[in-house]
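Enquirer: Below are the features I grabbed from TrEMBL:
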COMPBIAS  272-283  compositional bias 'Basic and acidic residues'
COMPBIAS  296-313  compositional bias 'Basic and acidic residues'
COMPBIAS  355-364  compositional bias 'Low complexity'
COMPBIAS  365-381  compositional bias 'Basic and acidic residues'
DOMAIN    23-155  domain 'TIR'
REGION    272-395  region 'Disordered'
REPEAT    473-514  repeat 'WD'
REPEAT    516-557  repeat 'WD'
REPEAT    559-600  repeat 'WD'
REPEAT    602-643  repeat 'WD'
REPEAT    645-670  repeat 'WD'
TRANSMEM  229-252  transmembrane segment
Amino acid sequence: MSLKPIDDLCVSDWVVGMAELVNQSDVFISYSRVDKSFVEGLHQALETADRETWVDWADIEPTEDWRSAIQTGIDGAYNFVFVLSPDSVMSEVCQWEINYALENNKRLVPVMYRDCASLLDKQNKAHAALDRHNWLWFQDADNFDASFASLVSAIDTDLAHVQQHTRLLQRAKEWEQAERNRSGLLRGHNLAEAEQWLALGANKEPRATTLQGEYIAASRKSERGRKRLLAAGAGGVAMLSLGAAAGLFTLLERAQKSEAATKVALEKSEASEARAKENESKAQAEQQIAQRQRKRAEESEAETKAALEKSEENAAIAQRQRKRAEDALQAAQVSEQRAKQQEQVARRQQRRAEQQTQIAQQRKQQAETARRAEATQRQRAEQQTLIAQTQTREAKRQTVFAEQQTAIAEIREGAARAKNWANTSNAAVGLTLAMAITDRSQRGQPAVYTPTITTATDALLLSLQTSQERNQLKGHSNSVFSVAFSPDGKRIVSGSWDKTLRLWDAQTGQPIGQPLKGHSNYVWSVAFSPDGKRIVSGSWDNTLRLWDAQTGQPIGQPLKGHSNAVWSVAFSPDGKRIVSGSWDQTPRLWDAQTGQPIGQPLKGHLNAVLSVAFSPDGKRIVSGSWDQTLRLWDAQTGQPIGQPLKGHSNAVWSVAFSPDGKRIVSGSWD
């Protein structure tokens, strides 16, 4: 009886360690060709820091299939670094690289080179993965050395776990490509290390892939079978020895012959191996010759593919730009229609003002004087520019009824401006003035000059009805669009189209200090903090600014975050936060101490946000919009509360909470 040798059965462990695999690197860089100059600098910095980097211009041989080469590079990299830019996030090749890295559970490290956050589509798998990770900022304004130190720290985190993940992934893929031949399975110490890595890394990133788990499980199954076969063979030999003691010498003789035959076979095997190596060397030489011959063709193919990729990216960019132009045209058409509607409203308001003039003429004998003043004011209004002053100062010393007729003339002036102004926001100014003055004059309300008066229209009306001379706050060189009292009522702040704010003594009407300069466009909204120490302003230059209410100096840098004009600003009751409303259709929350935005923009409105306010307890925010609705928001989370408040049939220009926070009042163009 003799024992046959078993294929693939070997008592000794593998001599090739897992650390000896080739094509491993610290970093694989995925990028768009447009950003190549930045990537070259990043690659050089990583090489200087002794971090091996895989990039496609240096690691793909001319004869290689480029997709296969990239897959091999990603498989062998410990980290997958993606350079974020408008070109890379729209590139189909770059998205394919990200998806391949995700399939193999590679650690993803996004690097922001050129801002493209608005282009990320949450429904896109690759974009969603980028959005979930913290970005390392490498824009021109960022400190490269500090950002690079953060990058090195990120790629070195839990390095032993990541290296073992890469090695096992390469081994598992080789096993898969060899149709899961057991000759490629793990054994002995390598298998024990792999099983320990799998157990300890259950909650670590990157996680093990399904293929890695199957590979380790198959290795353990094969190892158990090998040990069982070894044990069975040893037992069989022992039984043969006990049962055939009488033929011991014969068995030994056969064993010696078998050993001799084995030596002969080994010598033949070594000779065959030598011939195989010689043939392999010849094949490699022939392959090198073929590579040189095909090099030019491969380079041409690579250039063609790069040009095709760039063409696809340019087409996508052109399509987005065309869509933006169509949206802008549609918005302009809507604005034009609304302007025409407001012109009609202004004309109706003018007719009402003329009727009020007739009533005043019947009550007072000074009607003729009033008509002459009205004609004079109308003539001046026709000569003013589009942004002329909205109040008339020359009627202050006329009689009560003459001043009322002057107010009516100002109504007509505002209506005429609304008719001629193409910009709908300017039309709103004229209309608001006309409606406010007409409503007060029809009701005949008594006037008391108190700190609760916060608009230029109210101040003018009270002066007209009481016939008492008041201080005029002179200092701005253009229209004033927002005013506010300090909490103690001793000061006033104003914001103007002359791009400045001014502080005033509420008792004397005299300016305090110099104009507050810093905005580069119209100042639309101003507000004092609850303690009266700070002022916040919102401007057509898309920014907010904080000011020291004592010195008039700006505090810190402009608060940037909106993409269009800021129409309304307000402090929270505790003074720790600020809310702003913008023409970009969103409110935003800000930290009043640091000036940094809190969370993301509050999205929900379908058009410009014209007014915002905090509830008395600071827990809610209300906003009014050009989309004809109000919305309530949770001031802590920024999430909308319930559905939009519908009821108005035109833009909502002003909102406010009741003192107990249980009710809200809103004002609209309807």
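Glycine is no exception: its Cβ is also placed from the backbone N, Cα and C atoms.
Remember, TrEMBL labels are computer predictions, not curated facts.
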Enquirer: Averaging the per-residue pLDDT over the repeat 'WD' (602-643), what integer do you get?
Expert: 96
Enquirer: How does the repeat 'WD' (645-670) divide up by DSSP, counting helix, then strand, then coil residues?
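Expert: Its residues divide into 0 helix, 13 strand, 13 coil.
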Enquirer: What same-chain residues lie close to the repeat 'WD' (516-557): Cβ under 8 Å, and 6 or more beyond its ends?
Expert: 481-488, 491, 493-497, 499-503, 563-571, 573-575, 578, 580, 582, 590, 592, 594-595
Enquirer: By DSSP assignment, list the helix, strand and coil residue numbers for the compositional bias 'Low complexity' (355-364), in that order.
Expert: 9 helix, 0 strand, 1 coil
Enquirer: For the repeat 'WD' (559-600), DSSP counts of helix, strand and coil?
Expert: 0 helix, 21 strand, 21 coil
